[in-house]
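A.B. asks: My questions will all concern the structure given below.
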């Protein structure tokens, strides 16, 4: 079937009065930023009690209101999904595309086995693995693919090139890149790849290394318009057997739904503290932040771990997506985020379904190395998304505007108070941060019916110490194009992110030492200083009590998880019920 790549062949959903909506959207963004900045600079206090040393600023009130609205809309979206009576027609053809690069063999096998066990008609589901590399060290991935899908309709091919490295005939080599992308000439490799992808059900392609975007492009381009929907996932993901069905339901529900993402969870959550906190953070991101965005039909980032797109829309912007540049250089990061951006730019809705889920592993150094590239792609796509805010709900403008400036305000607050020469201010700053996080975590615990979600309040400390400097570095190096990670077969040994963490730690510790030095020289015998010392002491006591409580809950949660893993699956007694509520 001929591939359709002309965007004019795809209906674009445009809002009424686009110019007026654009003006209103940008005006709202400017007023919002001005209001938040003014409230912070002037330090206006909505509530103040000198005796109890309590102040509640306008900025804090706005943050509390934001979290409240986010929780309400997310809850409404989850309820709407639960009440939806949609039934999958099982008539749509789906291609499950997997991108792989030197993957851990165990992770890859689990991924492929989960794909094989997918509850979707085999005649309607294709499984395509594209391996980024065709050397001897990459062959093991194809061998695993053959083992898992032995007996299926399998096709494999080792391609010595890729779509953008094969030799163009000399008479065509002088033409522009846009003409090359239309491929008027097709060599034997391209023809073989496209024939396998369109005629076989399970296909594995090894091609010349070119990065994640290159392997994604190969799968998308080779499929052409042969399927209705394209499901993307990474080679370390374990898919739930109903993941495809639930995503197809959403796209079938409304033709204006251009893409939909699923719920990604961490399956090795108790391997380390970082993996445990990541699992809690994943729940919060997907079931609060993304669910809230889905309520307004404008999910700004559908993860590459589990996302489905309408193929006709994807084919329309495929070449533009592949050739995307930033500040004149090609962007090898943010491939999945830019896919979502292109769907939004055409006026289509982007949705989320918590009923479709997948499981991903988490390791500390890899997690740390990914934070800066992820943040960098977020800042880049923010500038792109700003062009399409007017096509969607005003919530998209509001959330994007507040999200981009949040790291700056947090940094300013931290540095100002750390160097304020007041230990009392520092202690109560962190105590208030934990109290706010605890309130949010209690809501998440109630929503998820798991006591362990209370530990999500610890994420605020993790954000301040580890993630905030990564975001600042990402903004300062926004033009940098390297990805910074490697395949899981090799242990990640990139310690560069630790350098930025060291600088940030030095800044915070410097402020703390300065305030302690001033405090040691202070005359605490005066009545005002004596009252401040009293507040400092019970603030420290409250902060220590919080950490003791969180430590106990974490230890109990870990013990309960081990009990559940050792329990017999058929046993359903009161003990197993209490364990499930804890973890």
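Yeah, the Cβs are placed from backbone N, Cα and C, and that goes for glycine too.
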A.B. asks: Based on Swiss-Prot, are residue 334 and residue 522 on matching sides of the membrane?
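C.D. replies: For residue 334 and residue 522, the topology recorded in Swiss-Prot gives the same membrane side.
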A.B. asks: Which residue range, 373-393, 394-414, is the one Swiss-Prot calls transmembrane segment?
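C.D. replies: So the range that Swiss-Prot calls transmembrane segment is 394-414.
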A.B. asks: State, in range form, which of 426-446, 458-478, 536-556 has the highest count of Cβ pairs under 8 Å to the transmembrane segment (394-414).
C.D. replies: 458-478
A.B. asks: By a Cβ-Cβ criterion of under 8 Å, what residues six or more beyond either terminus of the transmembrane segment (426-446) are in contact with it?
C.D. replies: 53, 60, 63-64, 67, 71, 280, 283-284, 287-288, 413-414, 417-418, 420, 452-461, 464, 511-512, 515, 535-536, 539-540, 542-543, 546
A.B. asks: Under an 8 Å Cβ to Cβ limit, what residues of the same chain, 6 or more beyond the ends of the topological domain 'Extracellular' (415-425), are close to it?
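C.D. replies: Tertiary neighbours of the topological domain 'Extracellular' (415-425) are 53, 507-508, 510-512, 514-516, 518-519, 532-533, 535-536, 539.
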A.B. asks: Using DSSP, what is the helix/strand/coil residue split across the topological domain 'Cytoplasmic' (519-535)?
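C.D. replies: Counting residues by DSSP class gives 11 helix, 0 strand, 6 coil.
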